[in-house]
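**Student:** Summarising the annotation, Swiss-Prot assigns disulfide bond to 5-20, 9-22, 15-27.
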């Protein structure tokens, strides 16, 4: 699917974009 939060992440980091969560290896909209 799509992930409108254009950010990569690791399990120990939080996504800087508000309303997004980390689902390794990218951030997804909540």
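The backbone N, Cα and C atoms fix where each Cβ goes, glycine too.
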**Student:** Of all the disulfide-bonded residues given, 9, 20, 22, 27, which residue's CB has the most CB neighbours within 10 A?
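**Tutor:** The largest 10 Å Cβ neighbour count belongs to 27.
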**Student:** Near residue 15 (disulfide bond), which residues of its own chain have a C-beta under 8 A away, given they sit six or more steps off in sequence?
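**Tutor:** Long-range Cβ contacts: 5, 7, 9, 21, 22, 27.
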**Student:** Enter the number of other CB atoms within 10 angstroms of the CB of residue 5 (disulfide bond).
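**Tutor:** Looking across every protein chain shown, the total is 21.
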